[in-house]
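Visitor: Take this structure, written in structure tokens, and hold onto it; I'll ask about it next.
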2 protein chains.
Amino acid sequence: MTEFDFIRRYLKQQNDADVVLGIGDDAAIVRPRSGFDLCFSSDMLLKNVHFFADVSPEDLAWKVLAVNISDMAAMGAVPRWALLSAGLPELEADWLQRFCDSLFALAQRFGVTLIGGDTTRGDLVFNVTIAGELPQGQGLQRHAAQAGDDIWVSGRIGLAAAALQCRLKKCELPPAVFAVCEQALLRPFPRVALGQAVLPFARAALDISDGLAQDLGHILQASGVGATVWLDALPTLPELKTLLPEAQWQACVLAGGDDYELVFTAPAEQRRAILEAAQRSNTPVSRIGIITETGRLKITRSADDDSEIQLTNTGFDHFDSI
Amino acid sequence: MTEFDFIRRYLKQQNDADVVLGIGDDAAIVRPRSGFDLCFSSDMLLKNVHFFADVSPEDLAWKVLAVNISDMAAMGAVPRWALLSAGLPELEADWLQRFCDSLFALAQRFGVTLIGGDTTRGDLVFNVTIAGELPQGQGLQRHAAQAGDDIWVSGRIGLAAAALQCRLKKCELPPAVFAVCEQALLRPFPRVALGQAVLPFARAALDISDGLAQDLGHILQASGVGATVWLDALPTLPELKTLLPEAQWQACVLAGGDDYELVFTAPAEQRRAILEAAQRSNTPVSRIGIITETGRLKITRSADDDSEIQLTNTGFDHFDSI
């Protein structure tokens, strides 16, 4: 099978009224809708850095696209178009079929049209660029947090990190607990509905890819503010708290990353609006702290217990921690 | 240096009035101008597939971005925004500085703003996604060729392939000739000005990345037409014709690729308009054949000598020929 057969057989599957010219030319052509800005994001995923070599093609395709859709969620944008570049060791028909079936199922689910990309011979490396729509002038930006804002997080965090620790033999979990955590690691669910629902009420937002402490740290730095986060308010899998040593659990929820939940801030007077938006989008949210004027991140046990908990491992950076 | 320091230090350098939010958030935000469609293209480049391991950072950065800008040229589009993903073995400050200086010099030259991307640890792999503007409803598409069209090619072809053959010890060239060919291989010059200049007059276009025969073949297949190409009309470095064995020279100009010149078709009555557009854009063009109704590509010696020349090697495909 040639590169062009591959493109023809697997990638020309979708219809999109705003796509003037889809996959197969030097470039795709789309017609932006008036009244909308466009968001762009790219993520590269490499074997043994972002996924294990034994990952199934279904899980791999999901993750490659989902982490990009998640970036649109974190802006409050509607994901629209994606370009996939893939370096593959060989074109094996069954593997490709499974990869593409999973990719298009996810794309379909989120209304994303694949409009282009590139295939080449390589050792499992992927890059997705995604474009999404935002009502003109809107968008959840990291520099928009203000002192007094509530800090919210969606879903549950620390699960993906716990699964990773387990895979790396740094902890042991009962099979049922590991299965739940592994699902979070392999199949992060982009919070697109939540991002759009809170767009009118929230200020700053990010998706948690490198760990809550580090990602929230970016909001704080960009906004010139600080924060207090309550450890006991962090939503996680309850079993992890009892099964893991305290320090390891803290590392998972605060420095773990890879869960792709949203962390966002909103004025305290929007608390009800946020909860209603969460309900409308069928997404659990937890209020985990407040933005302060301190310029630094402080972790305490709870809103009522102000004594600080010291962190050592503050997050994942590709060039620091591998 | 962390990933974030890297982004801060090197990549936040440009201003662009249509960029609402640049590098540094989950996604960039741009404001499309009304009356324009947007073109999107992605190219992935890997070590030992698309470039040699000993390439200089300046040449590498040039090529990574230039091949993407070239895709915009082939659509007749104006390149505007790019996202760069890079997998790097280590962040060495001098290497990065040289890479980024070259990247931004090229971007600046073509009015491209870097709006995002990703960095990760990897063994020299790059992906650029580029977006460009086209007047609504326009664009040089590969399915638009019609029987009777002239076939044109810009610049000179076969040089990059000859340099590659030399590097692979499959031929020998005098140093001065090799230097000219290597420049074509390392620093392809995107024909953006030409693409825009011929946009009103041309029908189908492509940039030659996989070899003239294969890339023109895409136009023929997509347009449901054939072509006759005149070997003696192909613009190349004259020395190559005398220095290389005939079969190797033919392979270089017809199946070589990597020159990133444009091949395009236009109605014969636009011949003067094409030549004027070429002059306006300071780009040499050559008329190399005609589109036919045969449904196949026929190579002859010249317009006057109709006897067919048989090809064996028709181009570069990553999964066929490596």
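Placed from the backbone N, Cα and C atoms, the Cβ positions cover glycine too.
According to TrEMBL:
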type    : residues                               : note
DOMAIN  : A:24-133                               : domain 'PurM-like N-terminal'
BINDING : A:Asp26, A:Asp71, A:Asp207             : Mg(2+) 3 binding site
BINDING : A:Asp26, A:Ser41, A:Asp71              : Mg(2+) 4 binding site
BINDING : A:Ser42, A:Asp43, A:Asp118             : Mg(2+) 1 binding site
BINDING : A:Asp43, A:Asp71                       : Mg(2+) 2 binding site
BINDING : A:His50, A:Asp258, A:Phe316            : substrate binding site
BINDING : A:Gly117, A:Asp118, A:Arg142, A:Ser209 : ATP binding site
DOMAIN  : A:147-300                              : domain 'PurM-like C-terminal'
BINDING : A:Asp210                               : Mg(2+) 5 binding site
Visitor: Near A:Asp118 (Mg(2+) 1 binding site), which residues of its chain come within a Cβ-Cβ distance under 8 Å, counting only those 6 or more away in sequence?
Guide: A:Ser85, A:Ala86
Visitor: In whole Å, how far does the CA atom of A:Ser209 (ATP binding site) lie from that of A:Asp258 (substrate binding site)?
Guide: 5
Visitor: Ranked by the number of other Cβ atoms within 10 Å of their own Cβ, which of the binding-site residues A:Ser41, A:Ser42, A:Ser209 ranks first?
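Guide: When each Cβ's neighbours within 10 Å are tallied, A:Ser41 leads.
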Visitor: Quick test of understanding: given the binding-site residues A:Asp26, A:Ser209, A:Asp210, A:Asp258, name the ones whose C-beta is under 8 angstroms from chain B.
Guide: A:Asp26
Visitor: Should any of the binding-site residues A:Ser41, A:Ser42, A:Asp43, A:Arg142, A:Asp210 have a Cα within 10 Å of the Cα of A:Asp71 (Mg(2+) 3 binding site), which are they?
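Guide: Within 10 Å of A:Asp71 (Mg(2+) 3 binding site): A:Ser41, A:Ser42, A:Asp43.
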Visitor: Compare the C-alpha of A:Arg142 (ATP binding site) with the C-alpha of each of the binding-site residues A:Ser41, A:Ser42, A:His50, A:Asp207, and give the closest one.
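Guide: Closest by Cα distance to A:Arg142 (ATP binding site) among the binding-site residues A:Ser41, A:Ser42, A:His50, A:Asp207: A:Asp207.
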Visitor: Whole number in angstrom, please: the longest C-alpha to C-alpha distance across A:Gly117, A:Asp118, A:Arg142, A:Ser209 for ATP.
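Guide: Greatest Cα-Cα span of the listed binding residues: 31 Å.
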Visitor: Between C-alpha atoms, which of these binding-site residues comes nearest to the residue listed as 'Mg(2+) 5 binding site': A:Asp26, A:Ser41, A:Asp43, A:Gly117?
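Guide: It is A:Asp43, whose Cα lies nearest.
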Visitor: Taking 10 A as the limit, how many CB atoms besides its own sit near the CB of A:His50 (substrate binding site)?
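Guide: That number is 21.
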Visitor: Give the distance between the Cα atoms of A:Gly117 (ATP binding site) and A:His50 (substrate binding site), rounded to the nearest whole Å.
Guide: 20
Visitor: Cα-Cα, whole number of Å: A:Asp43 (Mg(2+) 1 binding site) versus A:His50 (substrate binding site)?
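Guide: For A:Asp43 (Mg(2+) 1 binding site) versus A:His50 (substrate binding site), the Cα atoms are 11 Å apart.
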Visitor: Using a 10 Å cut-off between Cα atoms, which of these binding-site residues sit near A:Asp207 (Mg(2+) 3 binding site): A:Ser41, A:Ser42, A:His50, A:Asp258?
Guide: A:Asp258
Visitor: Check A:Asp118 (Mg(2+) 1 binding site) against DSSP and tell me helix, strand or coil, would you?
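Guide: For A:Asp118 (Mg(2+) 1 binding site) - judged by DSSP and reduced to three states - the answer is strand.
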Visitor: Give the distance between the Cα atoms of A:His50 (substrate binding site) and A:Asp26 (Mg(2+) 3 binding site), rounded to the nearest whole Å.
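Guide: Distance (Cα to Cα, whole Å): 29 Å.
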Visitor: Note down the number of other Cβ atoms within 10 Å of the Cβ of A:Asp71 (Mg(2+) 3 binding site), including every protein chain shown.
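Guide: That number is 28.
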